[in-house]
Amino acid sequence: MCSISGIIVKDNQISAKYSIDMMKILKHRGRDNSGLLLDDEVIYFNDFEDVEDLEEEMIGNLSLAHNRLAIVGRYGVQPIPNEDETIWLVCNGEIYNYIELREYLKQNHEFRTDSDNEVIIHLYEEEKLEELDGDYAFAIYDKSKNVVRLARDMFGVKPLFYVDRDKYFAFASERKALWHLLINIDGCERDLDELNSKIKTLKPNSQLIYYLDDNRFEIIEGFKKLELNYMKERSYEEAKEYLDRALKNSVLKRVRGLDKVGIICSGGVDSSLIAKLASLYCEVILYAVGTENSEDLIYAERLAKDLNLKLRKKIISEEEYEEYVFKVAKAIDEVDLMKIGVGIPIYVASEMANEDGLKVVLSGQGADELFGGYARHERIYRERGEEELKKELLKDVYNLYKVNLERDDHCTMANGVELRVPFLDEEVVEIALSIPIEYKMSELSNRPYAESNISLKSEPINGLKNTNLNIKCVRSVRKKILRDVASQYLPDYIAYRPKKAAQYGSGGEKMIYKVAKKYGFSKKRINEFLDMLKRKIVSEF
């Protein structure tokens, strides 16, 4: 959607060059226009060449900066002030209930823009930030109170990082912008692990309040509360109806105002359900990525045909995979084998979406954590019981930001495309986490499941709709209630397809080892290959 960044200098003033350099580093996140507040002076511009002469001339103690990817509103350039310019905002994100909030707030406030983000300023003035429904990371500078307030959405869909050093405090949407300060102000070595060790993540559902008078800050966690008794004593059919309705509402909120949206589609139940629901409200394009003969491509292709949805697919060659390994590592600001393997299909899908002129894609991220989709969830349920699995799912949801969401955001935004995740809507999460465990994990017999080695040339199988896929019967199923909701919209070969990790379904795991081997590193020496990647990332920075 956008990038935000800012610097608070603790003693002497600093030139605008550092803030503008950070904006340049984050430009891929928002190419439509940019804005910078430096103390009391504000500049808006479309091209960094327009501000070259100001980089050294402008100095100050505090900056807020923004690069915009315009999605909602034509006149949403930031930083945005309140009516008397005593409060300034920069925000990365989308506010899904902004129309309703705007209607309420305009009774006492004057709006300057048609941006969804502007409601944040006036909610802050009304002390009602908890009414926000959206995915966001923002910074507010309140001159009257002499504070800067950072905040992040409930589940951390939008990233926000910060550093606190002797000379300055700074924040940014991506760590690479903070590397620039650590290297050029603090003189830190170009060592990826060392640089990242100095950077902290603002946790989801948290606010950081920086007091400018004495250069200190405090963090307030859990400023919004989840209602986890939502589905208490509901029958299975009632729970299905609630979940179905909430998912449709969530998808509708995330495509409102869009004529066309992309879906990062693996051919699994999660992304396929989101695709089908989105197609009820706007045009949908599926983006599927994998290596030659990867399962995800085969399933996605069949799904697109059966549901009459447009599909763009990309088969990644070994040579291309090498290129994407480096691109993804650079995008996510870290070197982690699993994150790179999962990130490559996301990166390539968003690259294709950008080529098609799309600014928004949806994914099925979060469903496994909410409904018990991993093998370890079933194992915990069998061995340790329902209460332990409840705790595990809750922990997984709150850890999504560092395990998956920051990676996914960086991979899509590297291509100027915003990712939205309907499963992490607050109402959907409240319903999912309060659904009884036995509705998610159950003993079944004779339930059709698509096999891994599918054959599209085989004869149709009785009992499966719209498919020629081979099936087998299994005794247990994870994500039962979600699969049963999905079966109302999708062929059974998708609704009941077994879980397969993205890096395996796309064929990427094996390909990464091939890339490492090309550089002289065997599978046993994969960590040496990763170390080489780390050096390459920071050397090119």
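We count from 1, first residue shown onward.
For all residues, glycine too, the Cβ spot is worked out from N, Cα and C.
Feature annotations, courtesy of Swiss-Prot:
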- 2-213: domain 'Glutamine amidotransferase type-2' (DOMAIN)
- C2: active site, for GATase activity (ACT_SITE)
- R68, L69, A70, I71, V72, N92, G93, E94, D116: L-glutamine binding site (BINDING)
- V289, S363, G364: ATP binding site (BINDING)
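Take V289, S363, G364, the residues named in the record as contacts for ATP: the widest Cα to Cα gap among them comes to 15 Å. Remark: S363 (ATP binding site) has I263, I264, S271, I274, I346, D408, L419, R420, V421 as non-local neighbours, by Cβ distance under 8 Å and separation of at least 6 in sequence. C2 (active site, for GATase activity) falls within a strand when secondary structure is assigned with DSSP.
Nearest in space to A70 (L-glutamine binding site), taking C-alpha to C-alpha distance over the recorded positions C2, V289, G364, is C2.
Geometry remark: G364 (ATP binding site) versus R68 (L-glutamine binding site), CA distance 25 Å. According to its DSSP assignment, G364 (ATP binding site) is coil. Residues near V72 (L-glutamine binding site) in space but far in sequence (CB under 8 A, at least 6 apart, same chain), listed by position: E94, Y98, D114, S115, D116, G257.
Only R68, G93, from the binding-site residues R68, G93, V289, place their Cα within 10 Å of the Cα belonging to the residue listed as 'active site, for GATase activity'.
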